[in-house]
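Visitor: Residues annotated as active site in Swiss-Prot, with sequence analysis given as evidence: C78. Here Swiss-Prot flags I12, G13, G14, D33, I34, N55, I56, S75, Q79, S97, N316, S317 as S-adenosyl-L-homocysteine binding site. Residues or ranges marked as domain 'SAM-dependent MTase C5-type' in Swiss-Prot (evidence: sequence analysis): 3-332.
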Amino acid sequence: MSHKILELYSGIGGMHCAWKESGLDGEIVAAVDINTVANSVYKHNFPETNLLNRNIQQLTPQVIKKWNVDTILMSPPCQPFTRNGKYLDDNDPRTNSFLYIIGILDQLDNVDYILMENVKGFENSTVRNLFIDKLKECNFIYQEFLLCPSTVGVPNSRLRYYCTARRNNLTWPFKRGDEIITRLPKDFGVPHSLESIIEEDVDEKFLVPDKILRCAKVFDICYKTSKRSCCFTKAYTHYADGTGSIFTDKPREVVQKCYEEANQNEIGSEKFVELFKELKLRYFTPKEVLMIMCFPKSYNLPTNISMKQCYRLLGNSVNVKVISELLKILFE
């Protein structure tokens, strides 16, 4: 059976890539996002797709039914469910478009499959309860997940909430119950090392600047042999702590020795910074972050997109591998 898919909050097309990666039969009938920069990247990679630059609340049930889609893939704004977003939940206007979709779901009787992604924390929200209640009301069976890319063999930490749902009249052998699943049944083994995604001869513009080197004590440093990396956020390269890992070609022993020497100097001092400069610490390039997030090698970012824009878009995107595995389960 060939499926017709509506991709909401399409961003740079992570869900589209995941659908292709899954090997399932179907096409993205329409993709919708209000972010013009994200849309330019999407169009660059998927020029044939019907991409709409508009507010999702402008999509009437009649328009969606006219497309005859049977599947909705979506990643609604996550800020209302984060600490930085003050956990405003349904009081945050950024939830309005998703609340609108929840509100019209009972009119979309042509839709049989749904996959939704959001940040960890969504599972405790009022919006989640409204979403789940509506799924039940519309005769969907659902399964919730909290999954990290490391559980599917990817060397990255990016814990996210996922919900897959399908109509109750469709037999679904996977359904596990009401508990949130944190591991998939398939064993993906330990994550591979970062070596395969590291670019050679990287431009010096990716070196960590002196003002950030002053905060080197909080860096999460990765090596070619590392089988892990921290979650890359949209603030990557702007803040030192908690926005993503830093890379060095130097051996661990050299880095360790540098930290030992640096500890004998005042944190942030000139000598402190000089010691860390010797490590040639650099940011992961946008291409490397794309690879860590499992985008295909053929995927690329247009040259007219600034570095800041690249990292912001990547920080808001999804892990392609995790989504593709969930799609296989959803359509099992």
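Placed from the backbone N, Cα and C atoms, the Cβ positions cover glycine too.
Since this is a predicted model, take the numbers as computed values, not measurements.
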Visitor: If one measures from the C-alpha of N316 (S-adenosyl-L-homocysteine binding site) to the C-alpha of C78 (active site), what distance in angstrom results, rounded to a whole number?
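Guide: Each residue's Cα considered, N316 (S-adenosyl-L-homocysteine binding site) and C78 (active site) end up 9 Å apart.
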Visitor: Just checking a number: largest C-alpha distance across I12, G13, G14, D33, I34, N55, I56, S75, Q79, S97, N316, S317 for the S-adenosyl-L-homocysteine site, rounded to a whole Å.
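Guide: Of all Cα pairs among the recorded S-adenosyl-L-homocysteine binders, the widest measures 20 Å.
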Visitor: Give the sequence-ordered list of residues that share a chain with Q79 (S-adenosyl-L-homocysteine binding site), lie 6 or more positions from it, and have CB atoms under 8 Å from its CB.
Guide: G85, D92, R94
Visitor: What does DSSP assign G14 (S-adenosyl-L-homocysteine binding site), in three states?
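Guide: Its secondary structure by DSSP: helix.
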Visitor: Far apart in sequence but close in space: which same-chain residues, 6 or more away, have a Cβ under 8 Å from I34 (S-adenosyl-L-homocysteine binding site)?
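Guide: Listed in sequence order: N53, R54, N55, I56.
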Visitor: Of all the recorded positions given, I12, I56, C78, which residue's CB has the most CB neighbours within 10 A?
Guide: I12
